[in-house]
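Colleague: Attaching a single structure in structure tokens format; questions to follow.
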Number of protein chains: 2
Amino acid sequence: MSPNPDWVKKLAVAAPRGSDLLAAERSASNLDVNQLSDYLFTKAALDTRDRILKILLNDPIFDKSQNYFQGRQERIQASLGKAKRLRQLQVQHSWSEDEYMIANDLLAEPTPYGLHASMFLKTLRDQGTPEQHKLFLTRAENYEIIGCYAQTELGHGSNVRGLETTATWNQSDKTFTLHSPQLTSSKWWIGSLGKVSNHAVVMAQLIIDGKRYGPHPFVVQIRDMNTHQPLPNVHVGDIGPKFGYNTMDNGFLLLNNLKIPHVNMLARFSRVDPSSGRYEQPANPAAIYGTLTWVRSTIVLQSGSVLARGVTIATRYSAVRRQFQDLDAKGNVGENQVLDYTMVQYRLLPLLAATFALHFTGRSMISLYEENQQRVARKQEPPKLKDANRRPGPEELNPGADLMADLHATSCALKSYGSTVAGEGLEVCRRACGGHGYSSFSGIGTWFADYLPTLTWEGDNYMLTQQVCRYLLKTARAVLAGKAGDNDTARILKTFLARRDTGAAFDVLASDSDLVDAYAWRVAYFTFEALQHRDVDKQSWNSLLVDFYRLSTAHAQYMVVKSFYGALVDPSQSSLDRQTTTVLQQLFRLFALHTLEREATEFFSSGATTTRQIQLARKAIMKLLGDIRPHAIRLVDAWSFPDWQLDSSLGREDGNVYEDLFHRASELNPLNKVVFDPYPHNNNILKGEEPKSKL
Amino acid sequence: MSPNPDWVKKLAVAAPRGSDLLAAERSASNLDVNQLSDYLFTKAALDTRDRILKILLNDPIFDKSQNYFQGRQERIQASLGKAKRLRQLQVQHSWSEDEYMIANDLLAEPTPYGLHASMFLKTLRDQGTPEQHKLFLTRAENYEIIGCYAQTELGHGSNVRGLETTATWNQSDKTFTLHSPQLTSSKWWIGSLGKVSNHAVVMAQLIIDGKRYGPHPFVVQIRDMNTHQPLPNVHVGDIGPKFGYNTMDNGFLLLNNLKIPHVNMLARFSRVDPSSGRYEQPANPAAIYGTLTWVRSTIVLQSGSVLARGVTIATRYSAVRRQFQDLDAKGNVGENQVLDYTMVQYRLLPLLAATFALHFTGRSMISLYEENQQRVARKQEPPKLKDANRRPGPEELNPGADLMADLHATSCALKSYGSTVAGEGLEVCRRACGGHGYSSFSGIGTWFADYLPTLTWEGDNYMLTQQVCRYLLKTARAVLAGKAGDNDTARILKTFLARRDTGAAFDVLASDSDLVDAYAWRVAYFTFEALQHRDVDKQSWNSLLVDFYRLSTAHAQYMVVKSFYGALVDPSQSSLDRQTTTVLQQLFRLFALHTLEREATEFFSSGATTTRQIQLARKAIMKLLGDIRPHAIRLVDAWSFPDWQLDSSLGREDGNVYEDLFHRASELNPLNKVVFDPYPHNNNILKGEEPKSKL
């Protein structure tokens, strides 16, 4: 294709232009965007982000203009180039871990170094001895060793106990033999393994003298340090394209009776004594539980900003896009901004509210976690376990573990709920953009596809809910037995029991704290109902899984509503002006009432609300949509995403949507550089090309 | 990467193998798969399909093994090759339109000829005069002219009235000047336009003597017939990559005062008299309405089979995949097939029921449409319209148009609902496959992404619901005035009114027909409620859009439940044996009760059911899941998808899931043919490659 001819270059977009529409939106609201941004992220964090952004923008390797056009192989090769430069910049600017992660966030794509820089280093650090740190960690931190964390297998994901890979101890030469006995034993989905790792932490069933001791971590060299070719008896490669995440080399790995030295079993928490061949557990693995809880809390915090990217794009574009005149309008008043349609508001504004709800919830999870870590650090004791195969439950690890157990269960419930809301919400945002939402240039599709694994990894969102309910049932039993500890779950269950004979009377439409209490009531009601099914009616665990999923979701929704409410009454929030707090309170009510309406059956069947209150909630929601509408653009502005991070024609801060779509299609699109031969009787595909004999 | 080493080739998958598990599933049910398939599709249709499949399988051009690996440009070029060969085969085997479509369905990807073969030919045929048929249609049918249907613009999708492209009549030289006055006037999203069309039917605002007559179709040559380069004053190209549908060349088109002859305005329904320059409407455009209704009915029918592909894959894989031992199991009994978990059943089996529900609904829509077409053909009359700009409503086109209007509204409601259920259901299926669902080899992701535009085109799924409600309100007004016609909507509204003072008493858990009636009651209740809001309370149209969306969905759900029930009591169904009819009835009840439970608030707030019935529905659903579970594999087998069409490792009919995943990853994956240089201090990406200077 020839470049845009002159007559095309002269064309303007139809008035009113997107830039004028967004400017009008911004001037119609007096919400202080900077104040709210600073409250959400702190000014210091935003300044750091801007400093790093400037560095990335100045480096041509980070150019994103071909991202949406590249095929998988070009994409992942380009991504490795970006990863290498990020690492070089990390060294050059002495970036902290946090600063390096900020740079990755701005890049907004997984890179082949992703699992090396996270799980591989973390596992070596947390589970290695000082000797192993010297041997592996230092070199890994230096990118001489590049590695991954190889747990999941072709035939086993969630059920770690079922892993097939074995590590057999050889007393004679003090080695382990790592082996994949079957095809289904192949490690699978392992990030950074497919193309870049030369080492892997392999989770394998430890076998000593024919006895199995469960899965343990082993450091295995898999590729030659110079040629990068697989070592003998190692079969490794990339598992192929995925729905998203295609800049990551998720890999497979099979091992054929490969011997590794004794020192390669990561030995901080358990080891084989080389002289006796005895299995030993020298230290307390509490940290592992802490790590999982921390990872999930991070997912909760991120879910808010993940969703906010989609909401920012869809909200801005809905203010720029105009379709149809209002049916009741008198005369020719022009087309409506689609954001003025209540159906669009009803789809987008509750998601906008959810972004803040999830952000505040994640923040409160992280501080609870940090508080708890300090507590654990103060009174850590080695556990006494009879069954060496069994991992200790968190409550066995220290006597005051109530908060820890509560935090663990809450992190499971919120990880499941938060990532589901974010993942499904992104697709709602994409669809709310109409036809253009389907273009890659919308920036939502790729982001959605890259995010979806979060709903499955770190605990599948359905599986996790069983852990939540196991904890809720256990707490309910303890409450009934008068032995419950001191945490919020016990508190809401006790409150419910105390009012069992009087029932609830929550003023959900007039009182914010009553609204929170209604959510707590619903959790307590269904917890005791589940307990009845399980302990009294003796129903099978399997028959209760659907109830459990609902109960865990109810628990998560309670936590989110409670955390959002907590943020509103938090003294630190007093730095905000009246307008901002008013809008935040409206967003809180929108989130809480909209969720209540969606789950209406549970609210009235538990007696938390009346059916009349639910009908009134619908009216209140429609009113809130109108209240929040004028501030919608400024609210997404407060999320403060740089255009470069969003990489979206529709979500541009300046509103120049159509100019940008046209520019990308007509000037950046490589498909427009070739000419097709369209006729079926010509077997060639490109004009002037030799006909393909096989056609 | 070296090919699989010998020790890998010898590896088997863990027992029990997928093939054994599926064989066991099939032998545990006595459902007659062939009988059910024949009932769904007819034996003749299945035979035709198999005959065509054999032809495609024998032709190497249709090889699918690289589909998931190719980037956009390779994919679309390969797709054009396939499209050319399909066209050659069509000629060679004298395939009918139907047979050609069956071949396309088996290929299971949109091709660049897609819009030529459908909308372009159809528009020329339906809207051209005999002279124009000779000039354009014959050559188009012969693939000398290759074309598209250019309606949507960069700035206007749904609102056809708002199109900016103009066609100005020049009386002096009897030509039209086609012009794109602004950048937003650019035609956009036009299938087959980007790379292959040399002609386009362009919808443009007709202007005669300064007066506007609304959008009309014009045939415009856009590329040279030999060089295939754009003609002067034409700017045309591909709009770039999309979330899916990347084998189609959706294009853009700008025209700069391009003159075309008088004969290029498609003139069957309206024309400009060349001698006087007067605008004339010589014929009845009823057929256009019929076409839209037909297209939507087809989408409803397809939605069942679109969803069935995902359900087939997820159900088969859930029978092969085993994770965790049942928590209540005694001793070591091995891991459960995940299909045995009630949470998995609860996600998949209602969707399995939905596939049949949508299939029977689509079938009944198509026969209603055909019946109606015959009726229209019998008594067609030219309409008398005062406003030339306004398209006549269907009821103006012939006096007995009640059925037509009803069909039109129903097709809108069902298109919106059916495609939403199918699109969202596919993502549920993908997630139900756990981690492997995310692999491209699952076959669900690409299919989902390719299907998603259906939720937006042929009437956006939200926009359409307004048309449905406009019709429902109109019918309700007619019923109240005693002037309603003879159709099902009027019937259910009258029935509701007759019992307004006594209320409903539907035995939804014991009687299938009562279950259908409860759905009808809910529609009628909310129709009159909406009428109250609009006509009495004088609420604005915009304030009611959320209610309208719900009402349209309720109407669609009623139609689906009614159609499924109709299929069960249809005499032709008597050819089915008792086992099959029993299972179909269970599927009907599962679909109807599961939908009722999801929409519980509306059922009890309309008084269609009691709250107790809703609680009991939950129990009934759990029971039905258990009843249907043993037949799940045979039920998806009855959908009868060839493996080649599904192109899925997880959905293989033989259950060899893990072998196939491994084969594709390790042997077909081109990324495993290169070796990366993993170290950040080496700027080259591939081993041995020159370092890139820019890194």
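Cβ from N, Cα, C; glycine included.
Look at TrEMBL and you will find A:E458 tagged as active site, proton acceptor. Among the features that TrEMBL reports, FAD binding site is placed at A:T152, A:G191. TrEMBL lists A:378-394 with the feature compositional bias 'Basic and acidic residues'. What TrEMBL lists as domain 'Acyl-coenzyme A oxidase N-terminal' is A:32-146. Per TrEMBL, the feature domain 'Acyl-CoA oxidase/dehydrogenase middle' maps to A:148-256. As annotated by TrEMBL, domain 'Acyl-CoA oxidase C-alpha1' applies to A:289-473. The annotation domain 'Acyl-CoA oxidase C-terminal' is assigned in TrEMBL to A:513-678. According to TrEMBL, the feature region 'Disordered' maps to A:375-397.
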Colleague: Under 8 angstroms, Cβ to Cβ: which one of A:32-146, A:148-256, A:513-678 has the largest number of such pairs with the domain 'Acyl-CoA oxidase C-alpha1' (A:289-473)?
Modeller: A:513-678
Colleague: Could you give the Cα-Cα distance between A:G191 (FAD binding site) and A:E458 (active site, proton acceptor), in whole Å?
Modeller: 14
Colleague: Once the chains shown are all counted, how many other Cβ atoms turn up within 10 Å of the Cβ of A:E458 (active site, proton acceptor)?
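Modeller: Its Cβ has 19 other Cβ atoms within 10 Å.
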Colleague: Which of the recorded positions A:T152, A:G191, A:E458 have a Cβ less than 8 Å from any Cβ in chain B?
Modeller: A:T152
Colleague: Could you check the binding-site residues A:T152, A:G191 and say which one's CB has the fewest neighbouring CB atoms inside 10 Å?
Modeller: A:T152
Colleague: Can you grab the distance from A:E458 (active site, proton acceptor) over to A:T152 (FAD binding site)? Cα atoms, rounded to a whole Å.
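Modeller: With distance taken Cα to Cα, A:T152 (FAD binding site) is 11 Å from A:E458 (active site, proton acceptor).
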Colleague: On average, what pLDDT score does this prediction assign to the domain 'Acyl-CoA oxidase C-alpha1' (A:289-473)?
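Modeller: Taking every residue of the domain 'Acyl-CoA oxidase C-alpha1' (A:289-473) together, the mean pLDDT is 86.
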Colleague: Within the domain 'Acyl-coenzyme A oxidase N-terminal' (A:32-146), how many residues are helix, strand or coil going by DSSP?
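Modeller: In the domain 'Acyl-coenzyme A oxidase N-terminal' (A:32-146), the DSSP-based counts are 85 helix, 0 strand, 30 coil.
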Colleague: What is the three-state DSSP composition of the domain 'Acyl-CoA oxidase/dehydrogenase middle' (A:148-256), stated as helix, strand and coil residue counts?
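Modeller: Grouping H, G, I as helix and E, B as strand yields 6 helix, 52 strand, 51 coil.
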